[in-house]
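According to TrEMBL:
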- Ser80: active site, nucleophile (ACT_SITE)
- Asp226: active site, proton acceptor (ACT_SITE)
- 47-239: domain 'PNPLA' (DOMAIN)
- 51-56: motif 'GXGXXG' (MOTIF)
- 78-82: motif 'GXSXG' (MOTIF)
Amino acid sequence: MIILIWMVIMRHVFSLNLLFVFLATFLFTPYLYAEPIKEPSRPKIALVLAGGGAKGAAHIGVLKALEELNIPIDIITGTSMGAYVGGLYATGKSASEIEAYLHTVDWYSGYQDEVGREEKNIRDKKYEDRFAINPSLGIRKEGVKSPKSAIQGQNMLKILRETSGNPVSVASFDDFPIRYRSVATDIVSMEEVVIDHGLLVDAMMASMSVPGALPPYEFEDKLLIDGGVTNNMPVELAKEMGADIVIAVDISSNYMTKEQIGSLFDVASQLTNFMVKRSTQEQAEFLTDKDILLQPRVGDIETTDFSSMPRAYQEGYDTVMMLKSRLQSLAVTPNEYAQYSNKIKQQSANVRLAQGAIIDKVEVENRSHYESDKLERFIQFEQGTSLNSDYIEDKIHALYASNRFETITYLVEEDNNENVLKVTAKEKEWGPNYLNFRFFLEEDFDTHSQYGLGASINFTDLNNYGAELRTNVELGTDKIFDATIHYPFYLNHHFFVQSNMMYSDKKRSISTSSLEDKEPSNSMSFYPVNLRDFTVDALFGVEATKDQQLKTGILYAKGSHELTGLSAYGRTEYERLGATLEYNFDGLDSISLPTHGSLINARYLYAFDKVKSRDVEGSDHSEQYIDEFTAEALFARSIARHTFIGSAEYGITNSDDYLVPVNPIELGGFNHLSGLPRNSLIGANKVYGRLTYRYRWFENDLGMFKTAVYLGASAEYGGLWSMKSTDISSAPLIFSGSLFGGIDTPIGPIILSYGRAENGLDSVYLIVGNVE
């Protein structure tokens, strides 16, 4: 009975359902089958952006004008700078947002990988001040090796990450708000490569890697270079992607005239321009009557003249506006363009950026001989926190400042529903042993010139934790052979042990005033002296920060002094065994022409000396305990073009009187008591101070490099003495000063100076390179 009642009820329910479906179908059929709201029918418009370096700012002006004309873009293809601008626009950035980068991004830094001196480790600063010529050469068993390009692209990659937001990898660039492709060239096959997926930064960088300036970029087992070599204006690609109408922007350079071709660089530039223009013209043949070719007047702008980017931007904008009447046919209504813009904005919110991503795991892809845990200590990123791009960029920059890596990059990728921060550290391909060179000259146009030529090999692969051996040879006025082994501790790389071994043979012309503790004058005579020394030490130290270190240890020295022009004084031989404590702080931006920062060095030595003097009357032996203290400080500050420098040096020795001290202090020369010959004063004790004013006059482009031209003046006071009976109040201290002009170059400063001191002493100096 219950089953029968249940069947009757369900029959009525089923009948009611059928009635409801019938009524709903009858009443709402017009709405169910009505046509969906469609976007206005219009052709698909592709924007094709050619390569051209700094001229690519014209693309931004074109975009700005197209936005004002309400012309929507559905497809973007680009090469080189066109790939960069197009990539930013494809991910949803507006023309105004991209335009801001013209004024906020230092594009020149993209072609300079060298980090500032103040960012380097204090040990590297001292080394590179001496061996300042760094041609980026490595040495191996097979011979000398060089990099594939002048720079490695570290800073350019940073610019691309920061300006693009560093989007995470995508399966297809069709997923961007605007469909996008970049074009590069496979340097092995010399064939065009279309990049349609992966990391946007990879797509940009591969397309922008100008041969010679930037190295081939690794992408999916290919070595890619600038796409301009094979396809500088990818029109055909845009049509293959379904474009009905193409707006192509050609920013080719003009050919140089016969008069303009004056160097091998001009010849190379003309040949490169020919290849790029030829590929551009080949692509222009794919344009039809309904397509539009824009040619902003930027042909005279150099590809690296980033100061002209605002002008290029304006030319791009003006070119569109001059064709406004023709382009107007592609415009949509203001309401339709607003809908288009809102759609782009909404979709851009779906573009996942590395910035702000919650990091679940950190991985280091270590492509170097260093231990991974050493690299991970530099990163120090806490898992489970959101990624701060500024923080990670700073960490990478600090590691890169060690000057041991070709590139250090990072990305965020998804793996098993986890966000993985992946840092890739690639050691210099031409390492791990590096060659540096040295050249200096201080010419006083008299008989007291000094010069030096040197070479150094830095072996960096002694172990996996940063142990290094530096061997140096220097010939010239001074002959120096030295080697230093630096061995950081395994558990804490701030602590280290170090050993130095050095042999030096120096020739000096010292004044009679140095021998008699008298003020130097223009009537003094000079005598040649040979200073020979062999020193070896063993030190323990700590680098509290990259700018400072503290060292202590023992040393042994053996050497001789011989006054060859004064046979009555003969030869002095010595042996020394001592303990030393040394503190160094160096935060200067330049050792030769600093504009800011400070330097402090202090050293204390306690030693036991054995000294044997030989002269015409026989020989004399003495033994004694001595202590020495030396210190120097320098501070530099700049206000606009004006730089002010103050420095002071002090040295005191408690020992017996010797004609030439065992470890002599030297003084004399430009900025070391100007007006006197270089190192013409020798003594055991020193007091010296200097105030310098320098003016940054103007910038000068010397072709191979750009530099400022400086003018300056100094006021100096100081001197040396050796006798125990002389104290600082009676020491032979004098005033001096200088006027100078100079520039900074890749081999060090070049300075011309006139110096004058008390008692009629003066000199004209030509200084090339870091003299110290």
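From the backbone N, Cα and C atoms, a Cβ is placed for every residue, glycine too.
Where the annotation comes from TrEMBL, it is an automatic prediction and has not been curated.
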Helix, strand and coil residues within the motif 'GXGXXG' (51-56) as assigned by DSSP: 4 helix, 0 strand, 2 coil
Contacting positions for the motif 'GXSXG' (78-82) when only residues 6+ beyond its ends and CB under 8 Å are counted: 48-56, 59, 180-183, 207-208, 210, 226-228, 231-234, 249, 251
Nonlocal residues around the residue listed as 'active site, nucleophile', in sequence order (Cβ under 8 Å, 6 or more apart): Ala50, Gly51, Gly52, Gly53, Gly56, Ser207, Met208, Val210, Asp226, Gly227, Gly228, Asn232
Neighbour tally for the residue listed as 'active site, proton acceptor', based on other Cβ positions within 10 Å of its Cβ: 30
